[in-house]
Amino acid sequence: MARSWSLLLLPFALALVASVAQAAVVEYTFNVGNLSISQLCQQEMIITAVNGQLPGPTIVATEGDTVVVHMVNESPYNMTIHWHGIFQRGTPWADGPAMVTQCPVRPGGNYTYRFNVTGQEGTLWWHSHFSFLRATVYGALIIKPRGGAKAYPFPVPDEEVVVILGEWWKTNVYDLQQRSLVTGNPAPHADAYTINGKPGDFYNCSAPNQTHKFELKQNKTYMLRIINAALNTPLFFKVANHSFNVVAADACYTKPYKTDVVVISPGQTVDALLVPDAGVAAAVGGRYYMAVIPYNSAVNAADPSFLYSLTNSTAIVEYGGGPATSPPMVPDMPEYNDTATAHRFLSNMTALVPNRVPLAVDTHMFVTVSMGDTFCGPEQTMCMPDDKGTIFASSMNNASFILPNTTSMLEAMYKGSIDGVYTRDFPDTPPIVFDYTADASDDNATLKHTFKSTKVKTLKYNSTVQMVLQNTRLVSKESHPMHLHGFNFFVLAQGFGNYNETTDPAKFNLVDPQERNTVAVPTGGWAVIRFVADNPGVWFMHCHFDAHLEFGLGMVFEVQNGPTQETSLPPPPSDLPQC
């Protein structure tokens, strides 16, 4: 019997050895420095970029590979790189958020990021995690299946196309963020949106070289790897005379989801097969606009033109083989405030196969995600308070997060010396219960006013956490893209209004919920997520609107060590930057 089992297992053992043998070390060098660009009426704009590119270089790896990136900071600013969506199991020092897992790399310095991509495949991305520099310091991170394209659980595309959506300011984004901090006023909206770094045809001073072109061939299947790298804006994405078959989100496969519009919040990714309407694929020389517009989810806020640029960003999808004889077709876009379309897209996707959702929950959290106010701080040397003496702030459970300034939180955890760095008292619930989404709730000064702190929630290794994320109307109701470092989570349910702990659990999808690293909490609503804390370290959870993060919309999970060396924090690398 033992011999027959050995024979049966031999092919599997050989396959495992072959898989391990095929794993590679994928190595890149990122030179971060100044780049001069002429765009939108500006003869010369100096931005911070990687390897002189906007977007930066695409990292391509295969599942199981080790990725090594040598980052050389030739810019005038501090710098870190975050590998958005990478679990960093065993490599928490490579996660990248400044003052959370590392001190930033100073100008003239360098740091080598090393991490493994085992158990992950799909579209992720990388970006700066210091100040507003990720406005131009970003790029795609593609993880291919170990079995190649034939291993895709959907029709194999003939080609794959990276589409990175971004925002563009006609000013230095570092100065923009510093001005926002010292005055206490949120930064103004972007001057333009971009597709692969270019704004398109519809802006003033647009030039032909400022519109990205995708040259396609007839009767070929294309998969778009769509990334929202914008600082502060959810986007509607369409291609005229085409629809999409969504097959993955945040590098997790989904059941095929057919739609004519993709809705994507900052931090999120979507993989979609591009489906031409009848006759399009055969139209030699056919030209179609790819377009994005902002999704304005804010309710009871300022005029949308104050919050967002309302001009479409465009690229051109062109079918070759003949002359372009007509202007590109323009897609019909949703209204800016079309929350119904946004919610339909963001909530209807499900996992491709049933997930192993943990049923027993160890830690329950109910967390309000709020805009509010606070008093001017000593660092805000040009503070401009309102008539009540307060300035804009944001918070989770009324705690407005600030980063430490002496050492990183991960170093403090590793050394066991957290005093003066952070405290272990992030609350599981808000200080009071009230009608979170009612218009009258803005009179509730208890929760609207917040205080700055660096609080973490400590979790036992391998514990299961369920978090209800509840939007509030203290200032305005708005969809917030909440991103968790170090983990994926299951999105069990989403809805509008106040979460009801008695009736809403009946809506939980415990069979095939979508798996994400960034969830867009519905405007004036809630989302329930669940994850297993099996990755020791300190892991940032925050709104992926940088305009909200800088004013405190974040918190940190401290996951304790497990029982073995493999489930405990490793020592820091020798080249870890020092503060």
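Note: Cβ is positioned from N, Cα and C throughout, glycine not excepted.
Taken straight from Swiss-Prot:
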type	residues	note
BINDING	His82, His483	Cu cation 1 binding site
BINDING	His84, His127, His544	Cu cation 2 binding site
BINDING	His129, His485, His542	Cu cation 3 binding site
BINDING	His480, Cys543, His548	Cu cation 4 binding site
DOMAIN	31-148	domain 'Plastocyanin-like 1'
DOMAIN	159-322	domain 'Plastocyanin-like 2'
DOMAIN	425-563	domain 'Plastocyanin-like 3'
CARBOHYD	Asn34	N-linked glycosylation site
CARBOHYD	Asn78	N-linked glycosylation site
CARBOHYD	Asn110	N-linked glycosylation site
CARBOHYD	Asn116	N-linked glycosylation site
CARBOHYD	Asn204	N-linked glycosylation site
CARBOHYD	Asn209	N-linked glycosylation site
CARBOHYD	Asn219	N-linked glycosylation site
CARBOHYD	Asn312	N-linked glycosylation site
CARBOHYD	Asn337	N-linked glycosylation site
CARBOHYD	Asn348	N-linked glycosylation site
CARBOHYD	Asn398	N-linked glycosylation site
CARBOHYD	Asn405	N-linked glycosylation site
SIGNAL	1-23	signal peptide
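Positions of Swiss-Prot features highlighted on the structure.
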{"residue": "His84", "record": "Cu cation 2 binding site", "Cβ contacts under 8 Å, 6 or more apart": "Leu124, Trp125, Trp126, His127, Leu141, Gly267, His483, Asn517"}
{"residue": "Asn110", "record": "N-linked glycosylation site", "Cβ contacts under 8 Å, 6 or more apart": "His70, Met71, Val72, Asn73, Asp575"}
{"residue": "His129", "record": "Cu cation 3 binding site", "Cβ contacts under 8 Å, 6 or more apart": "Thr80, Ile81, His82, Gly96, Pro97, Ala98"}
{"residue": "Asn209", "record": "N-linked glycosylation site", "Cβ contacts under 8 Å, 6 or more apart": "Lys198"}
{"residue": "Asn348", "record": "N-linked glycosylation site", "Cβ contacts under 8 Å, 6 or more apart": "Tyr257"}
{"residue": "Asn405", "record": "N-linked glycosylation site", "Cβ contacts under 8 Å, 6 or more apart": "Met99, Cys579"}
{"residue": "His485", "record": "Cu cation 3 binding site", "Cβ contacts under 8 Å, 6 or more apart": "His82, Gln88, Asp95, Pro97, Val100, Trp539, Phe540, Met541"}
- [ ] Using DSSP, break the domain 'Plastocyanin-like 1' (31-148) down into helix, strand and coil residues and give each count.
- [x] 6 helix, 60 strand, 52 coil
- [ ] Can you see whether DSSP assigns Cys543 (Cu cation 4 binding site) to helix, strand or coil?
- [x] strand
Open item on the list: I need the nearest neighbour of Cys543 (Cu cation 4 binding site) among the glycosylation sites Asn34, Asn219, Asn398, using C-alpha distances.
Closed with: Asn398
- [ ] Determine, using Cα-Cα distances only, which of these glycosylation sites is closest to His548 (Cu cation 4 binding site): Asn34, Asn78, Asn219, Asn312.
- [x] Asn78
Open item on the list: Please report the three-state DSSP label of His548 (Cu cation 4 binding site).
Closed with: helix
Task: Those glycosylation sites listed as Asn34, Asn204, Asn312, Asn337, and which of them has the most Cβ atoms within 10 Å of its own Cβ - done: Asn312
Task: DSSP state at Asn348 (N-linked glycosylation site), helix/strand/coil - done: helix
- [ ] Enumerate the residues of the same chain, His84, His127, His544 excluded, that satisfy the criterion Cβ within 8 A of the mean position of the Cβ atoms of the recorded Cu cation 2 site; list them in sequence order.
- [x] His82, Trp125, His129, Arg134, Tyr138, Ala229, Pro266, Gly267, His483, Thr518
